[in-house]
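Data first, discussion second: the structure below is written as structure tokens.
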Number of protein chains: 6
Amino acid sequence: MFSHQKVLQYPAKPDKPDALFAKKIQEILGGQYGEITVAMQYLFQGWSTRGEEKYKDLIMDTAAEEIGHVEMIATMIARLLDGAPVNEQEEAAKDPVINAILGGMNPQHAIVSGLGPRPADSNGVLWNAGYITASGNLLADMRSNINAESQGRLQVARLYEMTEDKGVRDMLSFLLARDTMHQNQWIAAARELEEKNGIIVPGSFPKELEADGFSHSLLNFSEGEDSKEGSWAAGQAPDGGEFKYESKPKAHGGPQELQPAPQYVYPK
Amino acid sequence: MFSHQKVLQYPAKPDKPDALFAKKIQEILGGQYGEITVAMQYLFQGWSTRGEEKYKDLIMDTAAEEIGHVEMIATMIARLLDGAPVNEQEEAAKDPVINAILGGMNPQHAIVSGLGPRPADSNGVLWNAGYITASGNLLADMRSNINAESQGRLQVARLYEMTEDKGVRDMLSFLLARDTMHQNQWIAAARELEEKNGIIVPGSFPKELEADGFSHSLLNFSEGEDSKEGSWAAGQAPDGGEFKYESKPKAHGGPQELQPAPQYVYPK
Amino acid sequence: MFSHQKVLQYPAKPDKPDALFAKKIQEILGGQYGEITVAMQYLFQGWSTRGEEKYKDLIMDTAAEEIGHVEMIATMIARLLDGAPVNEQEEAAKDPVINAILGGMNPQHAIVSGLGPRPADSNGVLWNAGYITASGNLLADMRSNINAESQGRLQVARLYEMTEDKGVRDMLSFLLARDTMHQNQWIAAARELEEKNGIIVPGSFPKELEADGFSHSLLNFSEGEDSKEGSWAAGQAPDGGEFKYESKPKAHGGPQELQPAPQYVYPK
Amino acid sequence: MFSHQKVLQYPAKPDKPDALFAKKIQEILGGQYGEITVAMQYLFQGWSTRGEEKYKDLIMDTAAEEIGHVEMIATMIARLLDGAPVNEQEEAAKDPVINAILGGMNPQHAIVSGLGPRPADSNGVLWNAGYITASGNLLADMRSNINAESQGRLQVARLYEMTEDKGVRDMLSFLLARDTMHQNQWIAAARELEEKNGIIVPGSFPKELEADGFSHSLLNFSEGEDSKEGSWAAGQAPDGGEFKYESKPKAHGGPQELQPAPQYVYPK
Amino acid sequence: MFSHQKVLQYPAKPDKPDALFAKKIQEILGGQYGEITVAMQYLFQGWSTRGEEKYKDLIMDTAAEEIGHVEMIATMIARLLDGAPVNEQEEAAKDPVINAILGGMNPQHAIVSGLGPRPADSNGVLWNAGYITASGNLLADMRSNINAESQGRLQVARLYEMTEDKGVRDMLSFLLARDTMHQNQWIAAARELEEKNGIIVPGSFPKELEADGFSHSLLNFSEGEDSKEGSWAAGQAPDGGEFKYESKPKAHGGPQELQPAPQYVYPK
Amino acid sequence: MFSHQKVLQYPAKPDKPDALFAKKIQEILGGQYGEITVAMQYLFQGWSTRGEEKYKDLIMDTAAEEIGHVEMIATMIARLLDGAPVNEQEEAAKDPVINAILGGMNPQHAIVSGLGPRPADSNGVLWNAGYITASGNLLADMRSNINAESQGRLQVARLYEMTEDKGVRDMLSFLLARDTMHQNQWIAAARELEEKNGIIVPGSFPKELEADGFSHSLLNFSEGEDSKEGSWAAGQAPDGGEFKYESKPKAHGGPQELQPAPQYVYPK
């Protein structure tokens, strides 16, 4: 059960309107690694956690926080759109800056949402649930979370470079900090789980059922042997095995041949 | 530039046809974490790697390998569909096994692809590029890869449980092994990069621009304090900071209020 | 800012597991008119409401409630999947009930989410934000909400018919009641707004700019005149105009002709 | 069965080409509430209407009309694109207006459709059938139609503000009028049905199976009690019940807890 | 401008209800090559044809016909769903036929559309406009049409094999015939255009701007030389050139290397 | 099994960076008819070809070639983005060219991929597998391939017009040539198959099961008889039949009427 307070976790006030940046910052609202993604991902992970209360609580803490981040960015976008110029042509001929804004803003900010945020990325592509992960395996999901917070913080850092607005930058500095914490916490959680279950996901699949002759070999399918120089080509692997390097990978299966098709699928 | 050999990396021959399992195994061909996803993800990462030849080569080695995995599973599906019963009703009344097959197979395996594989998941949902990640930041992408191989191996393990067919299980044992290697290699690469660039992505964003009072606090937005028991709530964080726990998170921003809308968006 | 309590608004406990129904009830979790849709729709509407605090609060009350409904149905699905049989063939031959389950369950409930809910509809199609509406015009959005709660309650009623499980039916009886309330509240709000702004959305568009000779005529583009019998073909229209009926609609525009294409788009 | 006449319902001739506006007006062709949506929605509703000839005919009349609207807007777009400048850089340096056009037009209007309309919205996102509704319940669908025509007319009004072209505005004035009529007709139809079947959809679900203690309460899940001031918080509800207001909503369900996962889904 | 007659082009009456087949036949309504696709494709092609009245009329004739085909299949699905059993469990245990239906029908036929057709394929995936083509080049589009009618007729033929219902088969025999005509007509039109504009699309691109040393060589990127046996490896090509066969394709470009990334995208 | 060489098939070096063109050329990387489409289409066709080694090898040759084309365009985009200006406002006010670039570039090239290519079209819409075709019928698929290469070459020709960059044009001249070859080869292959199997797909469906009274008639559903002037309205059809022209197409089916809906779907 959820409840809502009518205050923001952190200020979300731009110094001045900027319809072009409103378009760009949509990426961290409704893009692949935007706040909708992490909010929904953590909700589904939390609701699917079976036992493991400590982890479940951590996930739900963060899920509820992230809905608040969606709220902050949604608010920022609405404020960036205040007074957005929507008419074209006439002024455009006169003022090249307005000109670029008219040409470059997300038209749906004017036509569809009436100066509100859109559940979409910086190109206007609508958010979809193919962006989220909740697998029922805690370590797998911690890794998904580490990735999501890494990609997310990277995008925030890039957006920080793309504006000089102090109010926008202030909010981004907060999101950067929270993404630092979230990377830290998911890494800490993953380390705990790796100690318990081993480094390879899933840890409980019987080793003897795996074709383990293939479990530690780097197969050189791209010409050149630069990859041989890395820590992944020789020495001890993270799971304790011994890395090998196969210069010319062999084919172990036969030809990719199929039986003829039956008449009832009309191959001709 | 790519070239193709007409042999499979490993055998992909089921003991007998099984149209129901053909539907299920589509998940690891065309699902969110299927082989198309990793093949495309590594290709886009490799093609976008600027400098860093050792990593670029590792990524391209694995990309080319994964196209071969798509090929193996595509072949397996075509063979599982050999002789799939496509007619209904009459027989269904008599034989509960055929019955289940008629009701449960992917109808597009008969109607659309004529007993061939589909670029789709186990529900027939078409693959889309929202599943892949290539960010231009190597550590971020290694984390995406660790996640993808963890989710992928988990799904293969579950499919292993869902069939008794020795030929299918043999192929799955190979995929399990390769996913072990790929988890190992991406983890090794990530560790190298973390040593160079730090544990938080991106490592080069100036610390002083981050609102670092918020960088190490767990905010308890979900009732109960189970999450306080984890390694993420106190002590040293992976990036060297000190974890804190905030029982009752405060709001630092003001009310979520907006200015009235201008007439030209017709708020009324 | 949102916070989470670890209790459900209403019980979500099936009497017994039922993997087939778990698939079906996904519709009201992640379908076009499922709870994710209304939760996200109300959040975006609330965050975009400019002034009009009374409406904004109503919308946010309901948004927070709906996240709790997503939670309830997610929980129900996880419980319906407890102990779902995932193996096939052998048993199928013997037991027609298991048989139907094997053929008919959502394979991703086993392979992808590990017995957890999916952010998808009853066919496994992933939720996307094209299902939601937040226009910046309150009356338009109230109408979207009335529709959403009508479609939603209809689907719940149909699902009620499709199960005999008392625990499931108990939860559905609660959702039916809440959808009754939500229809009531949005209708009440719409009536208030219609009184203020008029019945046609948007109410503030200048009447003289509309081609009002066409504003009240039913155009009979489908043969037969059954439609002439309705209250929409004669008499006073809801906006106070006079309905007319045009038996043989005329064309007022010229031919659908275009200029030849320039060479630079290579029409040949 | 359908037939086509080679004239437009109303003129669709811009005064002059305008590639930027061609991009924007795509919203009402192929967006969520564009003409493709209403055409397809009414077709599917009409084809699914069982009995109820009067309503079926009304729906089919409007469906056929809307295909004609798609035609008009498609024509308008093709004409707005006549002579669109497609080359860049050189001229751009010299003329800031052409400049903005080159940067802001939909590139697919040049590359993909060769100066023709696209089945997509103003951001180039392709139309999909998740935008339409046909439920088999007439009142529910009338409400969907009222919403669609309200959102649609709102978008047309906003587009009217965004251009000074008299030819474009003339066509929009016609669409505004037709959307007025369509709102009127669907509201009239809905009122008829509400009188017969009651205000809550579906009207025939047995009241005694609903948890009716929850059917008229506003639950205050968002802090502050502004929402208490509305007509939805006290007094008679549209369905005849009595509205109540619950300041501090209680949890009636137990904890959101799940049983541990079985080994065969590899939770570890 | 379009008008509608309330009769079907051809009967669409199944001998008896069949909810499983209702699911399968959705493929030719709302699948990639279903009737919605061809109807929408021809409409967009027709509306975009500039001059060339003879072709434009042919395209519009067929477009209007195809909307009528959508109507026929929609009607067939509604009739196949008459009396579909929607309840589960109890009966399932007893009757394997009902059993298969319960497990195998499209649940949205009961929950969402109330026994009506869905704008979706045989797996319930919603139709989207990425399936259609309208390029502004007539010959290119004729080729798209030839393909669409070939794929479409193939799917109808396969569905014919999958049912014994005489009423269904009768309708399919009509669709097979119309697809025969449509293949014939588009092939005839393509031949006319090839005679005028040449066999390669687009025909008007200046030959001297093409790297024509590469215009007639088969590059052997897949091991083995079976492909050398075809009519495409030697002799005169359809455009009059001379086919060549390159056993070991050479690389003409340099290494796939990129410059280092600037700091402002945070590569580290 | 696939292997990768670190050289490009042909140079992919622009004379200078151009972020606007980087956005546009995405169309032939990740659009409906971009290189990802043909690569994936040929892979799935090749892997599904049953017997018919000569065709299978031709398809796999071309599939492997096309992955190399994806690589070339991906490289071109990365190079076009070198040094893309990502900051706005300040400079924009001063320089209208940079201005247009800032407004018109794909924001994800900066925010998401860090100056790398995206698996998306020129509007940023993500690639999806609904663009590809692999039907299990060789002639049908050859026709899909002829269409794909025709649309693809048309788009390349249009892009050629849209840039003056000699390096970009050089690469496009190579792609034009390869698309010429691919049109030639698929046409040659189709002709071979048409000679063996007949001109109508599928060729093996029994003629007597088709309602052949409808197999050669042009039905005039769009007013005017321009279409009567074509080679498709009289004389011999490509399959040897005799074309007929029906001025006023008749309805052969009865009314589009359905039985009333049962109570359990709550039509009221």
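A Cβ is built for glycine as well, from the same backbone N, Cα and C atoms used for every other residue.
All chains included, 25 other C-beta atoms sit within 10 angstroms of the C-beta of B:H182 (Mn(2+) 1 binding site). The annotation Mn(2+) 1 binding site is assigned in TrEMBL to B:E35, B:H69, B:E149, B:H182.
According to TrEMBL, the feature Ca(2+) binding site maps to B:D57, B:D61, B:N220, B:S222, B:G224. Under the DSSP three-state reduction, B:D57 (Ca(2+) binding site) is assigned to helix.
If you look up TrEMBL, you'll see B:E66 marked as Mn(2+) 2 binding site. In sequence order, B:E35, B:V38, B:A39, B:Y42 are the residues of the chain that are 6 or more apart from B:E66 (Mn(2+) 2 binding site) and have a CB within less than 8 Å of its CB.
Look at TrEMBL and you will find B:222-268 tagged as region 'Disordered'. Applying DSSP to the region 'Disordered' (B:222-268) sorts its residues as follows: 7 helix, 9 strand, 31 coil.
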Beyond the site residues B:E35, B:H69, B:E149, B:H182: chain residues whose C-beta lies within 8 Å of the centroid, for Mn(2+) 1:
B:V38, B:T62, B:E65, B:E66, B:A148, B:G152, B:L175, B:R178, B:D179
Cα-Cα, B:S222 (Ca(2+) binding site) versus B:E149 (Mn(2+) 1 binding site), nearest Å, comes out at 31
B:N220 (Ca(2+) binding site): which of the binding-site residues B:H69, B:E149, B:H182 is the nearest Cα neighbour?
B:E149
Students should find that the Cα atoms of B:D61 (Ca(2+) binding site) and B:E149 (Mn(2+) 1 binding site) sit apart, in Å rounded to an integer, by 15
Here the binding-site residues B:D57, B:D61, B:S222 meeting chain C with a Cβ under 8 Å reduce to B:S222
In the structure shown, which of the binding-site residues B:D57, B:D61, B:E149 has the fewest other Cβ atoms within 10 Å?
B:D57
Around the C-beta of B:N220 (Ca(2+) binding site), how many further C-beta atoms are within 10 angstroms, looking at every protein chain?
25
May I ask which residues of the same chain, at least 6 positions away in sequence, place their Cβ under 8 angstroms from the Cβ of B:H69 (Mn(2+) 1 binding site)?
B:Q9, B:E35, B:V38, B:A39, B:L175, B:R178
Integer Å value for the Cα distance linking B:H182 (Mn(2+) 1 binding site) with B:G224 (Ca(2+) binding site) is 38
By a simple count, how many Cβ atoms lie within 10 Å of the Cβ of B:G224 (Ca(2+) binding site), its own Cβ left out?
16
